[in-house]
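Take a look at the structure below.
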Amino acid sequence: MNLTALKNMPVSELITLGEKMGLENLARMRKQDIIFAILKQHAKSGEDIFGDGVLEILQDGFGFLRSADSSYLAGPDDIYVSPSQIRRFNLRTGDTIAGKIRPPKEGERYFALLKVNEVNYDKPENARSKILFENLTPLHANSRLRMERGNGSTEDLTARVLDLASPIGRGQRGLIVAPPKAGKTILLQNIAQSIAYNHPDCVLMVLLIDERPEEVTEMQRLVKGEVVASTFDEPASRHVQVAEMVIEKAKRLVEHKKDVIILLDSITRLARAYNTVVPASGKVLTGGVDANALHRPKRFFGAARNVEEGGSLTIIATALVDTGSKMDEVIYEEFKGTGNMELPLSRKIAEKRVFPAIDYNRSGTRKEELLTLPDELQKMWILRKIIHPMSEIDAMEFLLNKLAMTKTNDEFFDMMKRS
């Protein structure tokens, strides 16, 4: 029996399965407790149980395998990993581990890991020779992540505008600057769907911090990738723990030469959470931001890089502006120059209900010549010269009208050449 398979089952099916095994009063229990009871009952028959999860090492030296389904929240179905196993396989927080597990003995509360079968979807022996993330060489993004799907749909227009305004590469550190109600969540959903469609080889993770629960459900249903969330009714310490787990998992995968993409909504709320959690230093900046609070969210955002040894970590984060909060302005100013791609959204365009509400003239990517072919780059620059004199609303309407006449950006450039 596999623990992960049980976690993916709906509660109604779990209750039916438990009742077949002779368990009672399951309807009043939480999902994690039902799984725990089923596995315990299954283990009595002497059959093997397998489980997996993402390792979180605690201060005492031992660790637990947390589940992505519960957004890495501690629960009764977590798997205990002993300090000797952590030392033997040189494990670190964020490692994805799969293996054989055993039920808790007398006086124990958790399942325990017996045998490690896989570390980060690879053989355990291979994990020992990897280079630490901190020792990898960062480079400019030089491999393009195309957003355009080429199906001519209205959703694809957003992706095509993105490709023209600010191309995204593997290892990009991008900032979407968004006022309220400018369509940032829909934009992130579009990016996620484009990545899943065009780049299935990439590991996609969507991290939602301080979001509404219904938006989390919507994202989980729309996105083919891992959606990890901490909703606004959770404490700040929980936001921080979730973010740390996601970034550590991403770093471990990059060490195994994987291309990882994190879409974060939003870095402002994450910085606010760190501001609440960090011990007071006594130095307070404008807006009530502690002087030490922004170091850790900067380390999170700064982890995005293209790696010379293979693999990359891309982070596209949203930053909130015009919220009326001085703290949000300070946080945005701190992150302003750190990214190598910026995509400002405009409230004026959104108020006219023109979507995507991208401010074309202000958006752009550093070193875009590494991501685009010289011929395409030339055409993009000509397009910028045409659009530059227009107001932000006219520019977006003009671009969307012209793009709607064609199915792909190549066709659009051909049409532009002819006219």
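Counting begins at 1 with the first residue displayed.
In case you wondered, yes, glycine gets a Cβ from its N, Cα and C as well.
Sequence annotations record features per position, and here Swiss-Prot assigns domain 'Rho RNA-BD' to 48-123 based on sequence analysis.
What Swiss-Prot lists as region 'RNA-binding 1' is 61-66. Predicted-model confidence for the region 'RNA-binding 1' (61-66) is 95, expressed as mean pLDDT.
Packing around T185 (ATP binding site) is summarised by its Cβ count: 18 other Cβ atoms lie within 10 angstroms of its Cβ, all protein chains included. Among the features that Swiss-Prot reports, ATP binding site is placed at G169, R170, G171, Q172, R173, G174, K181, A182, G183, K184, T185, I186, R212.
Note on the region 'RNA-binding 2' (284-288): residues 275, 325-330 of its chain, located 6 or more positions outside it, place their CB under 8 angstroms from a CB of the stretch. According to Swiss-Prot, the feature region 'RNA-binding 2' maps to 284-288, an assignment based on sequence analysis.
Here K326 (site 'RNA-binding 2') comes close to T286, G287, G288: these same-chain residues lie at least six apart in sequence, with C-beta atoms under 8 angstroms from its C-beta. The site 'RNA-binding 2' annotation in Swiss-Prot covers K326 and rests on sequence analysis.
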### Query
Counting only other Cβ atoms and using a 10 Å cut-off, which of the binding-site residues R173, K181, R212 scores lowest?
K181
### Summary
Excluding its own, the Cβ atoms lying within 10 Å of the Cβ of G183 (ATP binding site) add up to 20
## Note on the structure
Longest inter-residue Cα distance for the ATP binders G169, R170, G171, Q172, R173, G174, K181, A182, G183, K184, T185, I186, R212, rounded to the nearest angstrom, is 30
### Which of G169, G171, all binding-site residues, has a Cβ with the fewest other Cβ atoms inside 10 Å
G169
